[in-house]
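Residues or ranges marked as region 'Disordered' in TrEMBL: 1-29. Look at TrEMBL and you will find 15-25 tagged as compositional bias 'Polar residues'. Annotation comment: TrEMBL describes 145-162, 174-195, 207-225, 255-276, 283-304, 343-364, 376-395, 415-433, 440-462, 474-497 as transmembrane segment. Feature annotation from TrEMBL assigns domain 'STAS' to 525-648.
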Amino acid sequence: MVHHISDEAADEPGITTQTPSNDPSQAPLVYKVGYPPPKNLATEFTETLRETFFHDNPLRQYKGQSGPRRFMMGLEFLFPIFGWVRDYSLSKFKGDLIAGLTIASLCIPQDIGYSKLANLDPQYGLYSSFIPPLIYAAMGSSRDIAIGPVAVVSLLIGSLLQAEVDHVKNKEEYMRLAFTATFFAGITQAALGFLRLGFLIEFLSHAAIVGFMGGAAITIALQQLKYVLGIANFTRKTDIVSVMESVWRSVHHGWNWQTIVIGVSFLVFLLFAKYIGKKNRKLFWVPAIAPIISVILATFFVYITRADKQGVQIVKHIEQGINPSSVHKIYFTGPFVAKGFKIGVVCGIVGLTEAVAIGRTFAAMKDYQLDGNKEMVALGTMNIVGSMTSCYVTTGSFSRSAVNFMAGCKTPVSNVVMSVVVLLTLLVITPLFKYTPNAILGSIIISAVIGLVDYEAAILIWKVDKLDFIACMGAFFGVVFVSVEIGLLIAVAISFAKILLQVTRPRTALLGNLPGTTIYRNISQYPEAKLTPGVVIVRVDSAIYFSNSNYVRERILRWLTDEEDRAKALGLPKISSLIVEMSPVIDIDTSGIHALEDLYKNLQKRDMQLILSNPGSVVIEKLQASKLTEHIGSSHIFLAVSDAVRFCTTKSMQEP
C-alpha cells in the first residue's frame, strides 16, 4: 500500500518512512499516520492546565535569576511603576504634564455629570477621579488609559442600585449599597486577574459590546433631556418609550426655555469643538478643553443673570474636601451583601471589558504588550481601595484615554497629574460650581457619549457576519427599549447562543479534486473541483463532541445519500467508499467516537467502506485507545486524501 505526503507533513514527529528503492518500478515511499507517544494522566493534566491558565509562561523570566533579583522582578510585576520609573526623564514628564492637565479639564465636568447618572452627589464623581488613578498609576501596565467614572458604568450602577433602593427616600442606604457594589466589583476584577481567568470576559463578543455601548449611549443621551429641557418631574425608567412619554407629557408646562437655550447652545458648541478636533488631529485640545470652558461660561452666565431664580436647575452644593473614609459604610453582613455582590459583579465585568479593550487598542497603536491579567489586578485593587474612600466603580474612559493619547502621554504619570488637579478642585474650587447649571452637564454628557454609537462598526459587522449583527442589534434594542441590564443580558445570551450554535452545528463540506493536482477542496468554494466517481469525500470542520456528534454523523450520511441519488440519476458508478477528511478535527470525545462507530456500522450495511484521512495526534490517540482503529482497520487510515482516493480507485479497479 502506497501513501504520499507533503514536505511540511513529512517533518511531523511520529511519521514512519521506508527507505526508497533504486528500482523505479517499486512503489514510492510509504507514509503512515503517526501515533504520538503515550502520556500519563499527570502529564496530560499539567499540560492542559498550563495551556489554559499559563499560556504566556509568565515564570520564564525568573529562570536563572538570583533570589533578590527574583524579588525585585516580582515587585515590578505587581507594581510596574518600579520598572518604568528608572528610565523616567524630564522630557517624558513634559508630555505627561500636558496630557494630565488636558484630561483633567475634561474629567472634572464629566465626573460631576456622571455622578448624576449614578444617582450620587457630584463630589463622588470627583472622589472617583482622585484615589483610583493613583492606584492605577502604580499597578497598571497601560501607558495611555485615563482612569475615572465612565458613562456606561455610571448608568448601569445607577439603574441596578435604583432597582434595589430608592436614592431619594433612602439616600444613605443607596450610597452604602453603591460602595458595597464597588467593593465587590473590585474583588471580582482582582480575582479574575489573580486566578488568570481573564479569558472569561472574551465570551462577550465584540459585536455584542458594540450594540450594548451604542444602546447605552442612546439611553444616556435621552436621560440628559431632563437637564437640557429643564424638566423637574422625569421618569426613572430608562427605556426610550417611557423617556419620550415623559418628555412630551411635560411639553406644555414642564419645559424651561432659559434652560433649553443654555443646554442647546452649549451642546452645539461642544459638537462643533469635537468636529474641529476630528478634522485636525493637531487641534485635539479644542474638544478636550471645550467642556471646562462651557462650564465656566455657563456658570458665569447663570450667576450674573440669576437664571436659577427663573427655574434653571443648578448643581447648588458640592462638598469640599478630600475623600472621606467609607470602610464603615460597606455592607459585609445582612441582606444587602448579596445585592451588592450581584451588582458589583455585573458592573465589574462591564468595566473590565471596556478597560481591557481600550488598553489593548492604544497598546497596539504604540506597539507595546499589555498583560490582561495584570490589568485586571490593577483595576480590581483600585476599585477595592476606591470603595473604602467614597468612590464608586471606575474604569478606563475611552474619550479621556483618546485625549490622553493624542496629548502625548508617555507613562501613567498623566493619571497622577489629573488626580492632583482633581485634588486641588476638591480642596479649593468646588464652591465655584454652585451656580453651574445642570443643563451644561447634560450637554457635556450627550457630546461625550455620541461617539459610543459606532454605526461604522455595525455596518462592518453586517457585512462580515449576519449572526454577529443579530447579537449587536439584540443588545442595542434591548438597552434602548427595555433596560440596560436586559440589554446586557441579551448581549451575553446571544453571544453564548452563537457559541452553542457553532459548536452544535459545525460546518461540513463535500470535497472534489482540483484538476491537474492531488489537492481536494470544498466544491462550493471551488466549482471547478471534480467529484471522484464511486467515492464520497466529506470534511468535518470542527472538533467532534457530545454536543455535535449526532449532527456530524447525520450530516455525513445526508451527504452520502445525496451523492448516491446523484450517481443513480447520472448513471455513475455505485458509491463504494466514504472518506472523512479529519484535518480540522482538533479533538474528539467518547460521544464522537460512538458516532464514528455508528457511521462505520451503517456503511457496512450499505456495503461501503469507511476511510479516515489525516486525523491529528489527539484524535488518533483516542481512536486507538477506543479500539476503533482496529474496527476500521489501520490500512484504512491515510495521511492524505489523495492517498485514500488512490487506494479506493485501485481497489475498485481490482474488483470484478
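Yeah, the Cβs are placed from backbone N, Cα and C, and that goes for glycine too.
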Quiz prompt | Best-contacting stretch, by C-beta pairs under 8 Å, relative to the transmembrane segment (283-304) and drawn from 145-162, 207-225, 343-364, 415-433, 440-462 | solution = 440-462
Quiz item: Out of 145-162, 174-195, 207-225, 343-364, 415-433, which stretch has the largest tally of CB pairs under 8 angstroms to the transmembrane segment (474-497)?
Solution: 207-225
Quiz prompt | the transmembrane segment (145-162) touching the transmembrane segment (207-225) per 3+ Cβ pairs under 8 Å rule | solution = yes
Quiz item: Sequence gap of 6 or more, Cβ distance under 8 Å, 3 or more pairs: do the transmembrane segment (440-462) and the transmembrane segment (343-364) meet that?
Solution: no
Exercise. Please average pLDDT over the domain 'STAS' (525-648) for the predicted structure.
Key: 92
Quiz item: Which of 174-195, 343-364, 415-433 shares the most C-beta pairs under 8 angstroms with the transmembrane segment (145-162)?
Solution: 343-364
Quiz item: Against which stretches of its own chain does the transmembrane segment (255-276) lie, if we need a Cβ under 8 Å and a gap of at least six residues from its ends?
Solution: 227-231, 283, 286-287, 290-291, 294, 297-298, 301-302, 307, 310-313, 437-440, 442-444, 446-447, 450-451
Self-check item: Positions on the same chain near the transmembrane segment (376-395), where near means CB under 8 A and six or more residues out
Solution: 78, 115, 118, 120, 124, 127-133, 135-136, 139-141, 147-150, 153-154, 157, 178-183, 185-194, 198, 323-327, 330, 344, 347-348, 351-352, 354-356
Exercise. Count up the helix, strand and coil residues in the domain 'STAS' (525-648) according to DSSP, in that order.
Key: 63 helix, 21 strand, 40 coil
